Amino acid sequence: MRGLRSLEVWKLGVVNYIDALKLQEKLALDRKLHRRCDTLLSLQHPPTYTVGKRQTVHNLLIPQSELEKIGVELHYTQRGGDITFHGPHQAILYPIISLRDIGLGARSFVEKIESTMIELAAMYGVKACPGQSGETGVWVGERKIGAIGVRISSGITSHGMAFNIDPDLSYFRHIVPCGIADKEVTSLRRETNVVLPEGEIVQEQLISCFARIFGYSNLIWKEDASV
């Protein structure tokens, strides 16, 4: 009989993007060296645009000099994917897990992340699905509700998923989200007829979906973990 698969869940609240990036790097190294078990960071960011490793900053539609005026930071990262927005009322999960230990390849890992967000949307009567060819993330019809951008190094994952609960969607007007033009970005609030609970509850539901889909049966919660 297989033993319980453990996942340490860090609930961090709102965290500056750079602080979260440094924490991921530290935890990924610890995981690589077998100093810790698989870990899931649950958090939100202040308004932030991030650009993936392809450096597609041309998909930022306003001058970088204007970003401070609208209260947004811009950061370059080593994750996959194109430019995206992170902000309040968006549920972000960063898995720091060993794909080798759980027997997953990169494609299967991304598919399970997609399934995590699709399952959460379904809890609120929203039918979401993976993107078509060339379209990353999770979609409701022609509208994107969840973004995916991951990094895998030595079999250890970092970065992850961002699911739109009820963010200020106007920020997406200043970018070509994930490099896909002529498509809208949406949110759970916009798509469901159900009255949403507090954002923290929705974020915890996303964690539960992740744990079930990835097969973690023993969750170790770290409330208000310090970055």
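Placed from the backbone N, Cα and C atoms, the Cβ positions cover glycine too.
The domain 'BPL/LPL catalytic' annotation in TrEMBL covers 34-218. Annotated substrate binding site per TrEMBL: Arg79, Gly80, Gly81, Asp82, Ile83, Thr84, Phe85, His86, Ala147, Ile148, Gly149, Gly160, Met161, Ala162, in sequence order. The annotation site 'Lowers pKa of active site Cys' is assigned in TrEMBL to Lys144. Sequence annotations record features per position, and here TrEMBL assigns active site, acyl-thioester intermediate to Cys178.
A map of TrEMBL features onto the structure.
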residue	record	CB count, 10 Å
Arg79	substrate binding site	20
Gly81	substrate binding site	22
Ile83	substrate binding site	25
Phe85	substrate binding site	26
Lys144	site 'Lowers pKa of active site Cys'	25
Ala147	substrate binding site	25
Gly149	substrate binding site	23
Met161	substrate binding site	23
Q) Hey, how far is Gly81 (substrate binding site) from Lys144 (site 'Lowers pKa of active site Cys'), Cα to Cα, in Å? A) 14
Q.
Taking only the residues in the domain 'BPL/LPL catalytic' (34-218), give me the average pLDDT of this model.
A. 92
Q: Between the Cα atoms of Lys144 (site 'Lowers pKa of active site Cys') and Phe85 (substrate binding site), find the distance and write it as a whole number of Å.
A: 12
